[in-house]
Every structure is written in C-alpha cells, then in structure tokens.
Amino acid sequence: MDHQITTASDFTTTSIPSLYQLDTLLRCHICKDFLKVPVLTPCGHTFCSLCIRTHLNNQPNCPLCLFEFRESLLRSEFLVSEIIQSYTSLRSSLLDALRIPKPTPVPENEEVPGPENSSWIELISESESDSVNAADDDLQIVATSERKLAKRSMTDILPLSSKPSKRNFAMFRSERIKKKSKPNEQMAQCPICQQFYPLKALEKTHLDECLTLQSLGKKPKISTTFPTESNPHNKSSSRFKVRTPEVDKSSCGETSHVDKYLNSMMSAEHQRLPKINFTSMTQSQIKQKLSSLGLSTNGTRQNMIKRYNHYEMLWNSNFCDSLEPVDEAELKRQLLSWDVSHNKTPQNSSNKGGISKLMIMKSNGKSSSYRKLLENFKNDKFNRKGWMVMFRKDFARLIREAKMKIKTGSSDSSGSVGHSNDGDGVEKVQSDQGTEDQQMEKDQDTVINEDRVAGERNLPNEDSTDADLSRELMDLNEYSKDPPGNN
C-alpha cells in the first residue's frame, strides 16, 4: 500500500472537527508524521524512536521542553504503538463516514413534490376485495401515474397520510406469515433440545431426529420458529432477544492489535549496540569493527564513524523498541540508501600515494580519455587495455623498483650468512656488498635517466603492447622466485 501524506486538518471539514486534536496528538513533533516505534522520554514526551535518537546525537535534550537526558533513558511504548496502528488502519473509513455531504442543486425543470403532488397508494375497493380474497389475501399495490389517477375517482384512492381502517390494515398481512403463525396450532417443548415445535411435528419427526443426533454425539439442530399465541413465553423471549454479531478475530484489526499488545515483551535475541569512542581507535580498528558487523569499510575515517553511528541508531530503534522488527538485511539496505545520500566520499580527497592522486597527476594532456576511463572505473565496463596504455610508464617504473628491492633483499640475506664464517669470509662478503652497492647506484642512475627521458617524451611508446607489459610482469615473478644472489 502506497504511503499517503495526511494532515490533521482533514477532520476540520467533518461533522466532528474536534478529532483534529486527536490526530495531532498521535503525530511525532519532529517528523510531523504518525509515530513510528514510539518511545517515552524521562520528561514524559513521546517521539519516534529513530527521530529522537537522531536528535540526541546533535543535541542531548528534549525538543519540546529542552530537558537534558541520555539516550539510554528512552523507554518503549507498546500500547501507544498499537493504538496508532489501529487508528491509522481505520482513519480513511472514519473520514468517509464523518464527511458532511454537499447539497446537490435541484435542476430548474424538475418539479419539487408538494402536498398536491404527493405519492398515493391505490387500494382495491370492497367489492373487488371480496372476489380477490377468495383466491389470495396478499396486498395489491398498483403503481399509478398522473393519467391513471385522473381516470380513477377520488373515492377509490387513499392518500398515504390518511389512517387506514381495520379492514384495510388487515390486507397488509402476508399469507406466508399467516401459515406459520396459526393461533389454533398447539406447541410443545422438546425435552432434548428445549425448543418449541408444533405437537404433530414433534411427535412424528423431531423426536427421532434429536435422539439419532444424540446417539451419534452431535448437537441437535436448533430451528427458529415463529412465536404463536399458544406459546407466550417464547413470544416474549424472542421479542426482547438482541442479536449480537460474532466478531471475527482474524479479520478485525482492533483485536489483532490488542493481542499484540498483551503478548508484547522485550526481545532478548538481539543485544543493544553500544556507543563507541572512536578517538582512541586507529583506522584499522575501526575497519575491523565495521567488518565484524558486515558493514562497508570504504571512505575516510570520518565516513566510517558516521556509518557506524547511523547503523547503531537503526539497530537499537529496530530491535530494542519495535514490536515488529525487520531483519538485518533490511537494516543494511536502509543504511546503504542513507550512505549514498548523506555520507558521500569527497572526490578531491588528496590521499598521499593513493590511486586518486596518481590518476589526477596523469590526467594532464589527456583529460578527455582520462574522464572517459574514470566513468567506468568501478564496474565491469572498465577499459583495462586503455588504462594499461595510459599508465604504462608507471607500471614499468614500479617493476624496476621491485626488481631492485628483490636484489637488495637477496644481498642482505647472503651477507648475514657470510658473517658466520671466518675472517676471510667476512672480507669476501664485505667486498661483495661493496660491489652490489655500486651496482645498485648504477641501476638507480639508469632508472632516473630513463624516467627523465620518458618525461621529456610525455607520451607512451606506441610500439610497446600489453603483451610486453605482461612479459615484464612474468619476468618479475620468475625473478622474485630465483634472484641472482642465490646462484
């Protein structure tokens, strides 16, 4: 069902405009909508659970009386919750029943009935009724028009306002009612079902039916009979008997709300999420906390803190205050929707050494292609080949730096092994170390010169392909497995 925006002023045009106050009292002072999961503050005011928790994050006081209190002092109001749900379910029907109907304008050409143009009931005359009563006692009402009324004499027409005689009033009786209420028929009470039946019907059929049903363990059939003059007790009891319609508890909304309130209790299945002081936590600890709850760890430190704080409000409002909590998947869906609209990561964040800074640095001179690649950077349509061509020089430089680090690590490990030998071995290791240092200096000079030459070109080499870059990566992998220092 679609959610419709309603206001308390809808009742001002009804026959009971004072219901405007009731409708206003059942609304939250913060969101102006009907209370959802209402909670009670220590100062006695009621708000939506999520609304007041969000307000307390900014200002630790009541929005109405400014009384200061903590979030842990909020208490659930199950009764108010069911009252509001019951009221909202019948609000539209109540409005329809209380709306004052607008007077419909009467057309000018339409005649308004007056005393001279009132409706008439035509009754048959005494001579005609004698012949009709022999066959049927039913009342004959004949629809008459103005032409037929003109032909008839006024003595044969009786106005509706006139009082009929005893003989005419007797004509209103139905023949079916006469058959069922014969005054001379003797009635008797069944000793099994305690119901009154005609004596002949009781002796012939009813007693056998009651005895048969009683032997089978079934309840006897109770048939309704018309009261007769021979059974005054039955007549008086049926006159004052009031039919009370049975209430279907499954279809009546009020009954279900009452049952939910009577069976309400605090659920111990989910524990309350605590407030966390993030000032003493590192960024890795914050990520670990979010990962334990199944939340995203993207964004800056401040983004992750805001994400946890909002999820804590959703969790406690749902599992600690609501009678009908939703599952965790729905809470995470609500968090994702909030994260997209309220917790955006700034595009111009300068993370030192990060991929965003590198992408901005390399976008000079090729901004159009860079922006085109950046549009699909985080989905399956990302052009990897174009990305490798754009940043080919950086990949090559990183590969060379990795090779140099592998050489440095292998020389350090061989030097530590050589220290365990005698003095000659130490001198040999030191000479080898000096040779390696000289070689590293030469390699670094070579890398610097290559970077300088590549910077002067300012364009990637068109002859190199993705296969060349892949071969360099494979060579680096083999080089890391079997470095030259191990030979």
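Even glycines carry a Cβ here, placed using N, Cα and C.
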Swiss-Prot tags one of Ser92, Ser153, Ser174, Ser356 as phosphoserine; which one? Ser174
Swiss-Prot annotation ubiquitin cross-link: which of Lys166, Lys204, Lys362 has it? Lys204
Test of record reading: of Thr88, Thr144, Thr155, Thr205, which one does Swiss-Prot tag as phosphothreonine? Thr155
Enter the number of other CB atoms within 10 angstroms of the CB of Cys190 (Zn(2+) binding site). 16
Once the DSSP letters are reduced so that anything not helix or strand counts as coil, what is Cys190 (Zn(2+) binding site)? coil
Let me spell it out: for each of the recorded positions (Lys204, His206), count the other Cβ atoms within 10 Å of that residue's Cβ, using every protein chain shown. Which one has the most? His206
